[in-house]
Amino acid sequence: MNENIAEKFRADGVARPNWSAVFAVAFCVACLITVEFLPVSLLTPMAQDLGISEGVAGQSVTVTAFVAMFSSLFITQIIQATDRRYIVILFAVLLTASCLMVSFANSFTLLLLGRACLGLALGGFWAISASLTMRLVPARTVPKALSVIFGAVSIALVIAAPLGSFLGGIIGWRNVFNAAAVMGVLCVIWVVKSLPSLPGEPSHQKQNMFSLLQRPGVMAGMIAIFMSFAGQFAFFTYIRPVYMNLAGFDVDGLTLVLLSFGIASFVGTSFSSYVLKRSVKLALAGAPLLLALSALTLIVWGSDKTVAAAIAIIWGLAFALVPVGWSTWITRSLADQAEKAGSIQVAVIQLANTCGAAVGGYALDNFGLLSPLALSGGLMLLTALVVAAKVRITPMS
């Protein structure tokens, strides 16, 4: 029955791709991600200006992720049948307002309020991004459209911190956020001009969000999503101490490694649609298996700089398949409830990121330098096994 509903949902899709709207969504995503991580490179001047410690200033990133998790869970219940075009415009306005509130913040409270606004937009936008994409392009083009959106994410992750640091030294941290607000205005204009009307789901399609987990293979999919992202953050959060102490990279060398990782991630995302067209399940099982082998290689031969640098590139290429692949899984296997599935997915990812980083840090402090790698590799291997054995992928119609 669920398959029949999904097939009908896909059959009602668009006949021709609306690439202008897809790129508008991608631009909004890139701006959201960039602003999310701007404080990472601006903590010191922000803390000094507001008279707080850098640790306290760092909570401006934490509160964004925390609010985003709850926003992703409840946004579809709140917006219900509202035209998604207006919702995306609202998120772009919230992005702009957040930047301005942070720019003019004269207290830590106002700073957190501004960052909470960003969390609302970030979580809500991610929750509906997959369903938006599948309504802007034909079913066969969805992986390509998703690769465009996640390619924008990769670019934002590469440039956010260095760009913020560079501009902050020239124009000051407040003007960096003013510049980001201008980007938010551009988001609003582009979305208004390019995004068509996208009515909310009809009442007969409404279903309790968590009842989706009772569908065959869905709970297994969410567990696999959790393990893959927890595995990523268990290692990547601590890549600096691992690479500097295990492989002996200095700061400049580590910068090049991270840049290589970012470029590889962008390349992997750009070509992910070609892999996913052949087999979504193979990509979702093969990528974490390759990452598990990469973690094992680092544990055994990571003291060699060449090996360590090569693994960073392989890791960036392989993990790039993971977010695009799971979003494609939602558009294929949960097409009739893509928004609610996206809400659960985003919340699971946010929780996984937090747990992965926390457990990885505990392991590093208590079990040694290689323990985050072992934890990450183990989680990636389990992910591959769960996907191969339990996750179902609906064939493309």
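Quick reminder: no glycine exception, Cβ is built from N, Cα and C everywhere.
Going by the topological domain names that Swiss-Prot assigns, Ile79 and Val242 belong to different sides of the membrane. Here the topological domain 'Cytoplasmic' (129-147) has long-range neighbours at 10, 13-19, 21-22, 25, 29, 84, 88, 196, 198, 269-273, 276-277, 324, 327-328, 330-331, 335, 338-339, 341-342, 345, 396-397, meaning same-chain residues at least 6 beyond its ends whose C-beta is under 8 angstroms from one of its own. Long-range neighbours of the transmembrane segment (367-387) within the same chain, counting only residues 6 or more positions beyond its ends whose Cβ lies under 8 Å from a Cβ of the stretch, are 220-221, 223-224, 227-228, 230-232, 234-235, 237-238, 241-242, 245-246, 281, 284-286, 288-289, 291-292, 294-296, 298-299, 302, 356, 359-360. Helix, strand and coil content of the topological domain 'Cytoplasmic' (277-281), in residues and according to DSSP, is 4 helix, 0 strand, 1 coil.
The transmembrane segment (108-128) and the transmembrane segment (176-196) are not in contact, since fewer than 3 Cβ pairs between them lie under 8 Å (pairs 6 or more apart in sequence). When averaged over the topological domain 'Periplasmic' (237-255), pLDDT in the model lands at 84. Tertiary proximity for the transmembrane segment (256-276) is limited to same-chain residues at least six positions away from its ends with a CB under 8 Å from its CB atoms, namely 143-144, 146-147, 150-151, 153-155, 157-158, 239, 243, 249, 282-283, 308-309, 312-321, 324-325, 328. Sequence-remote contacts of a segment are chain residues at least 6 beyond its ends whose Cβ falls under 8 Å from one of its Cβ atoms, and for the transmembrane segment (148-168) they are 22-23, 25-27, 29-34, 36-42, 45, 129, 133, 175-176, 179, 259, 262-263, 265-266, 269-270, 272, 320, 323-324, 327.
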